[in-house]
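Take a look at the structure below.
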Amino acid sequence: MFSISHRAFQRQCAHNKFFSTAKAPEQTSRLLKHILTLSGVSTVVAAYFLLPNESRHAPTHALAPLGPSHFTPAILVESIKTSSDTKLLTLSVPPNLLPRNNPDALAPIWSIFVKDDVIQVERPYTPLEGVDENGCMKFWIKKYDHGEVGRWLHSKRVGDAIEIRGPVKTWLNSSQHSDWDELVLISGGTGITPFYQLLHSIFKTHDTPFHGRLTLLHGSRSLADLPPSSMLDFLMTLSQKHPDKFQLRLFVDSTGNSSVTQSLNIELGRIGKSAVQDVLRLTHSTPWWRRIFQPPTTTSIAPERKVLVMVSGPEQMVSTIAGPYGRNYSQGQVGGILRELGLQPRQVWKL
């Protein structure tokens, strides 16, 4: 029987939950349109993934355009080891198979499913830079001890065929990016990949019409677990060229005896409440002498602020910052740090 990534599918089916919280009256019409759109998409996705019919076997079509209902053979054209357990892999499909009649299908954030053809298991991965005109997609993939597909991908050699399925939308349509003036992106480990794709689309290819401010907080266990230099260089260059639009903050649990932290401006420790307060501009400055006698005060975020906090990474990190997922990996209630800061469900999105 063909197995699937249950967690990823349930997240896709839960998209309509994001817009279930009421907004101000003047936003009702636009919100209703989004709800109807997302509800329809979620219903189709849920039916495809959850109902017991033949389409779940996802056949392979070598000549059909890329789509979520079938697999397409891709070729591994590059494999670069970036650490003891991560690689940058580039897959290529014929350019004529790209879904050019539906440009929004490739608007961030989207992923594709890779099938391990040995044990017939698939897992979603996010192309870092989307797909280029030559049909190439680059992925930063970590190999886990109990991750079958990741270990299988790490064993593949340049020239090998790999079956993929998608694109599958994991966030909103490009027309809805203007609903927010500010995006705060919080990631851990390889959870940075969807945010990298979004930033690449906004600043590099200019395919995504977002004109607000973005902040990325990214955490890693150690310096060795940071994204590869090619990714870090891109992000740091963005923050230097567009300081008014993009801010980057890197965190590591431990630095050892390395001096790299100074050159990269890395902060020691995990992403905590103070860091989130800071990027949301919620801290009150308190004189030092007053802090001796009373703790600093915190302002809750205003419900009407057009800010969206997106969280992507290990479940424990997501739970600490935004609260645990709901049943079947739906969005669930806002919890953790973001709840303490007064964020509403429509201001939080868990990837």
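Each Cβ is built from the backbone N, Cα and C atoms, and glycine gets one as well.
For the FAD site, TrEMBL lists ARG123, PRO124, TYR125, LYS142, VAL149; matching the candidates THR90, THR193 against that entry yields THR193. With DSSP states grouped into helix (H, G, I), strand (E, B) and coil, the domain 'FAD-binding FR-type' (69-174) comes out at 16 helix, 46 strand, 44 coil.
In this view, VAL149 (FAD binding site) is surrounded by 22 other Cβ atoms within 10 Å of its Cβ, with every protein chain counted. Within 8 Å of the centroid defined by the CB atoms of ARG123, PRO124, TYR125, LYS142, VAL149, THR193, the record's FAD site, lie the Cβ atoms of SER111, VAL114, THR126, PHE139, ILE141, GLY150, THR190, excluding the listed residues themselves.
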